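Asker: One structure is given below, represented as structure tokens, and several questions about it will come after.
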């Protein structure tokens, strides 16, 4: 090959290395190593000092058996001369004043040093250099000329990369500003929806159907039973019903019915007279009296003891009661709303809940959708919770689009309450104003909910619909090994998956129970039982 053709091929090789679609650091390292093969370098490198808005750039050869260029520092005197003259040729560094302070530790024999300045952004700010063994027939002038051409190509490549990088940063900043603007508009809309629907945020079909139904229910005084998983917003819906009813200016009283004794529940709900029991030093008005003319929400109604259920049934039917320790019958006008996440049908079958009370309170049920069925609501809720956090703590945090995408893919078995906790925890620990997907606890395996769902899938492989009492228990486990269905337990997560699978099969079958039974490989009777157990009202759906 002619010498001119050989040089053309070499220039093509280094141009190809510089134009490769890789990161700048990788591109320049490949360029320097390609150059080292052409120029028979012992070692060489490229150095571009840091400038305003740009970081320092270095690249070094990786020749096996040769001294490392990455650990070598070119003398300042040599650098200054390159910057002044644009090039430098030192046939033997051992005899050069420029390198006198570095000869002792180098110990690599007679060595030539050749360098050329690199112009970046119309300023000479860096250099391309290499060393090679001193040879009598070496044409230094030709090599430094070739090195200057290579340095010119490298400078252009660096300028191109920096220009693209600056444009990408500008574009990303503009995109972020636009996203922040959309977030602000969304938060404003969310606040308007919040005011309109009394704290209920969202616009999914499932949620809006429940909201519209609740507003229709508000027009009458009928007893309402709110059903849904924990954290689905039963109290918010109770307030919505109250605020859209004719009782909106009257009291709204809420009472959580935990596993209290009959006497304590009776005292809390009906009140007591002075001296009715030890510690009753004064007359006390109960929740029913406090709610007279308004609305009373009794949450966790499935937890009240059987002995108290008969007394509650009397109040529901007749609207009258006596205070504990009293003889006077009191009558009240109260709109009753009950709420539960418990399987009341199973409780009735097990004798834990009175059948007559069940029919009395379940006449007008409203099933609240879990968060995983509310398509598109998670970003709206997350932004609203973050806005509330910002207002409470004087912060100015916002979500990156990737963060909202990540949240939208989460199951959240604890529903809205769990989502709010997730947002608050992440915001509290946020190290910058922009929350990204990597900031969430589940990314470091610190999310209990994530581990809970993984555990359910890994432990059981698949979930079957519960069969009626007396048949094989859920998942084939002994009846006494089935975990308690308490909020946050694996039993709850299992229950949620069962319900999802049941509804999916029914949707696929067009809500035909016989077809759904074939899909699930169950009998129609088992599917009917599962519908009752999970509170799925086929007629409503």
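Using N, Cα and C of the backbone, Cβ positions are placed for all residues, glycine too.
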Asker: For the annotation region 'C-terminal DNA-binding domain' in Swiss-Prot, which listed range does it cover: 370-412, 499-541?
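Answerer: Region 'C-terminal DNA-binding domain', as annotated by Swiss-Prot, spans 499-541.
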Asker: Please find, within the list 104-125, 126-147, 148-169, 170-191, the residue stretch that Swiss-Prot describes as region 'Disordered'.
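Answerer: Going through 104-125, 126-147, 148-169, 170-191 one by one, Swiss-Prot gives region 'Disordered' for 170-191.
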Asker: May I ask for the distance between residue 295 (ATP binding site) and residue 442 (divalent metal cation binding site), taken between their Cα atoms and rounded to an integer number of Å?
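Answerer: On Cα coordinates alone, these residues lie 40 Å apart.
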Asker: Within 10 angstroms of the C-beta of residue 234 (ATP binding site), what count of other C-beta atoms is obtained when all protein chains are considered?
Answerer: 24
Asker: Highest CB neighbour count within 10 A among the binding-site residues 292, 295?
Answerer: 295
Asker: Just to verify a number: CA distance, residue 442 (divalent metal cation binding site) to residue 298 (ATP binding site), in angstrom, no decimals.
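Answerer: Each residue's Cα considered, residue 442 (divalent metal cation binding site) and residue 298 (ATP binding site) end up 35 Å apart.
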Asker: I'm checking region-level scores; what's the whole-number mean pLDDT for the domain 'GAF' (23-158)?
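Answerer: Residues in the domain 'GAF' (23-158) carry a mean pLDDT of 78 in this prediction.
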Asker: Fewest neighbouring Cβ atoms within 10 Å: which of the binding-site residues 298, 442?
Answerer: 442
